[in-house]
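First comes the structure, then the notes that go with it.
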Amino acid sequence: MAARGGGCPRVAVVLLAAALVFTQETVGGDLQPVLVAAGGGNGGQGGGAAAPPAAGGGGSRCEEITIPMCRGIGYNLTSMPNELNHDTQEEAGLEVHQFWPLVEIKCSADLKFFLCSMYAPICIEDYRKPLLACRSVCERARAGCAPLMQKYGFQWPERMACDKLPSYGDPDNLCMEQNNRTEFSPAPTSPRPTRRPGLPGVAPPPLPPPPRCRPGVKNPKNCIPSLQDSLPSDCDCRCRPPLVPIERSSPYYNRSISVGGEPDCGFPCHGVFFNPEERDFATMWISLWSSLCCVSTLMTLITFLIDTERFKYPERPIVYLSACYFMVSVGYLVRVSLGHDEVACDGRMIRYSASGPIPCTLVFLLVYFFGMASSIWWVVLSFTWFLAAGLKWGNEAIAGYSQYFHLAAWFVPTVKAVGVLFLEGVDGDPVAGICYVGNQNVDNLRLFVLGPLLVYLLLGTSFLFGGFVSLFRIRNVIKQQGGLSGRSKADKLEKLMMRIGVFSVLYTVPAMVVIGCHLYESSQHEKWTMPLVCPCERERPRPLYSVLMLKYFMALAVGITSGVWIWSGKTLGSWRRFCRRISCAGPAHPALINPGKQRVVKQQYVLPAGESGTLLAGPHIAASGSLHQPPLSHV
């Protein structure tokens with residue numbers, strides 16, 4: 001019985017191989033499939049005994065192949081359903097013909113045979129186990145065509161994975177291998193008839209060529225589309241992974257949310273352009289610079305609180321500018337502490353049109369409101385310098401308008417922030433993980449960010465330039481006076497001009513870089529998003545990672561460098577006096593007091609004897625009587 005049981009499968013394989021015509025030699029240059037089995041090497045285990053059951057089960061029957069692309073492939077019969085769960089040949093034909101352009105351009109000699117073995121598998125009477133193409137056939141087809149598919153934005157189908165197919169020479173599974181004794185040649189205009197496997201008879205008459213699909217008319221289901229019609233086009237645009245389609249049940253549905261012009265389509269929570277390592281570095285990068293900005297601006301604010309009288313106009317706006325950047329850095333640190341998903345994401349999708357979630361709104365107000373306020377305080381600072389240097393105003397006269405400065409610096413950002421919230425323009429940044437305006441809507445970016453920043457930069461630079469011109473003119477007048485007193489005043493004025501110049505560069509350069517980065521994003525946004533929904537785009541650009549990292553750094557750099565203005569010996573003296581007051585160590589050290597002759601002016605300032613007025617008010621304007629302020633180098 002053992003011998004009998006071990007020989008039956010072996011005999012079945014021999015009879016099956018004898019019945020098939022797959023081992024016929026190549027005729028007329030056509031490639032023929034070859035049945036490959038090694039079922040005799042396992043003793044009692046017959047070849048094909050481990051093959052999975054047929055898709056259709058025992059009830060499926062063989063039928064003539066009607067799929068145009070698979071006629072004349074080397075066998076005439078198939079059965080449905082196939083391994084891809086198509087119930088009819090019409091259904092399978094509609095899907096397999098999507099690959100016709102690849103077959104027509106001959107990216108692989110094995111592609112057509114492989115596709116037909118999957119969509120129209122061979123059917124053999126009295127044999128109900130699936131016979132698929134060998135893994136080597138799939139691998140050759142994939143090697144030839146997958147690069148071309150990727151060029152157009154397609155991936156090799158997962159359900160056609162080659163590792164799911166039996167290997168060539170597998171003793172436990174039958175598979176079909178292409179006869180590669182001849183080179184691939186163009187398919188004949190009419191398929192060569194083949195004999196029905198296992199049955200004698202005359203070959204059937206030649207089949208007519210499959211019809212071509214024609215535009216503008218009703219075509220049969222089994223027509224073959226032309227190469228031009230089948231290649232991806234702009235009409236093939238749709239919301240495809242990794243983008244997130246917005247369902248009808250979503251509150252975002254039908255709210256003008258789109259990607260690349262495709263409606264009801266959104267970005268995933270962490271974006272699509274950067275890998276996890278780049279996203280992790282972005283979090284570390286933002287944490288580093290926001291922490292430094294927080295420490296630097298906090299030192300400036302504490303110094304101001306310790307010695308308030310030291311910061312007079314026109315320099316006092318520096319304190320308010322530092323306070324704004326302190327709040328901006330707090331906004332970034334809140335994002336770091338809460339996490340990317342909590343602030344910028346709404347489930348799987350990045351947050352759109354947000355006006356309600358507290359973490360998102362809080363981060364938006366801290367970063368946007370105080371960021372815009374800092375820009376206006378920069379304009380106020382430049383304007384007060386212009387009043388002092390260009391129009392010869394004293395600090396009391398400038399301070400008389402301080403309420404208007406505060407009104408402009410706080411009211412304008414308030415109106416803009418309320419407008420953004422009212423228009424529901426807050427959205428998530430998939431890279432930084434913050435909530436801002438214009439991350440997903442270029443129009444909002446231009447209206448609420450780019451436009452105001454450009455106006456503030458132009459105004460501030462204009463006032464700054466006018467003040468520098470006046471300072472140079474005053475410097476020349478002082479130098480013409482000569483004498484020891486004139487040289488001393490000129491030296492102090494030159495130091496003041498140098499400090500103002502350094503601080504101006506430390507603000508204008510980061511501001512210009514941030515504006516440039518926003519311009520880059522607004523101009524390239526469509527080029528980045530269109531290929532995501534329309535894979536026909538040959539080029540698939542992505543944002544420059546370095547540009548985005550530079551933007552986040554420059555957005556905080558002004559706060560880090562704002563301490564430049566107070567980095568002096570006077571700041572050290574203020575902190576020493578403060579520490580002595582805290583520790584009750586008595587009066588300041590005598591070395592901190594100028595041993596020279598001194599007099600008190602209004603019991604507020606200690607000035608060297610013989611000096612009055614301001615460095616900006618030289619002897620040629622001292623008679624006006626309206627300029628009574630300490631020197632600008634007092635800070």
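Glycine residues also receive a Cβ, built from the backbone N, Cα and C atoms like all the rest.
Noted from TrEMBL: Cys107 is disulfide-bonded to Cys145, selected from Cys62, Cys145, Cys162. According to TrEMBL, Cys138 forms a disulfide bond with Cys162, chosen from Cys70, Cys162, Cys175. Between Cys62 and the candidates Cys123, Cys134, Cys175, TrEMBL records a disulfide bond only with Cys123. The disulfide bond recorded by TrEMBL for Cys175 joins it to Cys134 [selected from Cys134, Cys223]. TrEMBL tags one of the stretches 361-383, 453-475 as transmembrane segment, and that stretch is 453-475.
With a threshold of 8 Å between CB atoms, the same-chain residues lying at least 6 positions outside the transmembrane segment (285-306) that come near it are 318-319, 322-323, 325-326, 328-330, 332-333, 335-336, 432, 549, 552-553, 556-557, 559-563, 565-566, 571, 574-575, 577-578. Same-chain neighbours of the transmembrane segment (405-423): 317, 320, 355, 361, 364-365, 368-370, 372-373, 376-377, 380, 384, 437, 444, 448, 452, counting only residues six or more beyond its ends whose CB sits under 8 Å from a CB of the stretch.
Inclusion criterion for the disulfide-bonded residues Cys62, Cys70, Cys116, Cys123, Cys145, Cys162: a C-alpha placed within 10 angstroms of the C-alpha of Cys134 (disulfide bond); this criterion is met by Cys162.
Listed as Cβ neighbours of the transmembrane segment (496-521) (distance under 8 Å, sequence separation of 6 or more from its ends, same chain) are residues 318, 375, 378, 382, 385, 438, 442, 445, 449-450, 453-454, 456-457, 460-461, 464, 467-468, 471-472, 475, 543-544, 547-548, 550-551, 554-555, 557-558, 561, 564-565, 615, 631-633.
There are 24 other CB atoms within 10 A of the CB of Cys138 (disulfide bond), with all protein chains counted. For Cys123 (disulfide bond), the spatially nearest entry among the disulfide-bonded residues Cys107, Cys138, Cys175 is Cys175, judged by CA separation.
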